[in-house]
Amino acid sequence: MIKPPVWPRWSKMASVGDTLAQAVSRLKLAHIETARIDSDILLREALGWSRADMIAHHQDEVPPDILNQFWSWVGRRERAEPIAYILGRAAFWKSEFKVSPAVLIPRPETEGVVEHGLVAIEGKTDPVILDIGTGSGAILISLLLENSGAHGLGSDISRRALDIAQTNITTHSLSSRAKLMHSDYFENISGRFDLIVSNPPYIEEKVLPTLKADVIGFEPRRALNGGTDGLNAYRVICEHAKKLMKPKASLVMEIGFDQKVAVTKLLKTNSYQEINCYQDLAGHDRIMTAKI
């Protein structure tokens, strides 16, 4: 752990505690619901401190250069920019991933795709995984880190997203096991897979304007917009995934909280078997699994 340095008593300084309180006030005025948490995260990041450091040294003064960086970040958060984009990274599963506005910020509920994906390939020798709409690559990379024999392909229609995913693959030393493909769904993909995973766009187009400002104002709309009924991506995936699945392979997808019935119908229409739905920690239907 990096210990807080002993700083000289420069002019125009403010204490850690006062700075934190001022930031919380600013973010509350901007109607940021997580004002206290966000202020704490940003100040700790600027200082390079742990939570314990913040408590033990709350009366220490903050140097001007660090204050400048911190207030710049607070200003961005005031305008609703997500913390993950401000810092350029997000935690997911057991790792951290580079993120930018080119990709969705990976969320805790999406970890269910990893959880059930791992169950699907358990006991398989050198399983091959396909991640449709890979974005940051967080799902695919997490699966590969948990299964040392697995190889995977991540596809995305966004070249900017693929650049982020490639950075994350390199950072996690997976270049020999993870490849990327520029593709609109299954357009440029061949081969057969033991597991196909996806967190596709599933929000109804009419609902998009009602999303929180830190989502609709910053995250890629194409990765959110599921069309008129939110099911456009599932129609494509359910129709075409089975053509690339090995015998006894699994399909694991994230769904919207109210889409279980509709996605189940699509899976049955396309002759999938062993269809199951699992809930997230909030008790919402979230993960669909099926076999072919």
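Glycine is treated like the rest: Cβ placed from N, Cα and C.
Nobody curates TrEMBL annotations by hand; they come from automatic prediction.
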Original post:
Hey, TrEMBL has S-adenosyl-L-methionine bound by Gly133, Thr134, Gly135, Ser136, Gly137, Asp156. Any idea which of Asn147, Asn188, Asn199 it lists too?
Top reply: Asn199
Original post:
Where Tyr202 (substrate binding site) and Gly135 (S-adenosyl-L-methionine binding site) are concerned, what is their Cα separation in Å, rounded?
Top reply: 15
**OP:** Do me a favour and check the Cα-Cα span between Gly135 (S-adenosyl-L-methionine binding site) and Pro201 (substrate binding site); whole Å is fine.
**Re:** 11
**OP:** Could you list the residues of the same chain, at least six apart in sequence, whose Cβ is under 8 A from the Cβ of Ser136 (S-adenosyl-L-methionine binding site)?
**Re:** Ala90, Phe97, Lys98, Val99, Val103, Leu104, Pro106, Ala161, Ile164, Ala165, Asn168
Subject >> For the substrate site built from Asn199, Pro200, Pro201, Tyr202, further residues of that chain with CB within 8 A of the site's CB center >> reply: Gly133, Ser198, Ile203, Ala223, Leu224, Gly226, Ala233, Met253, Glu254
Subject >> Residue pair Thr134 (S-adenosyl-L-methionine binding site), Pro200 (substrate binding site) - Cα distance, angstrom, rounded >> reply: 9
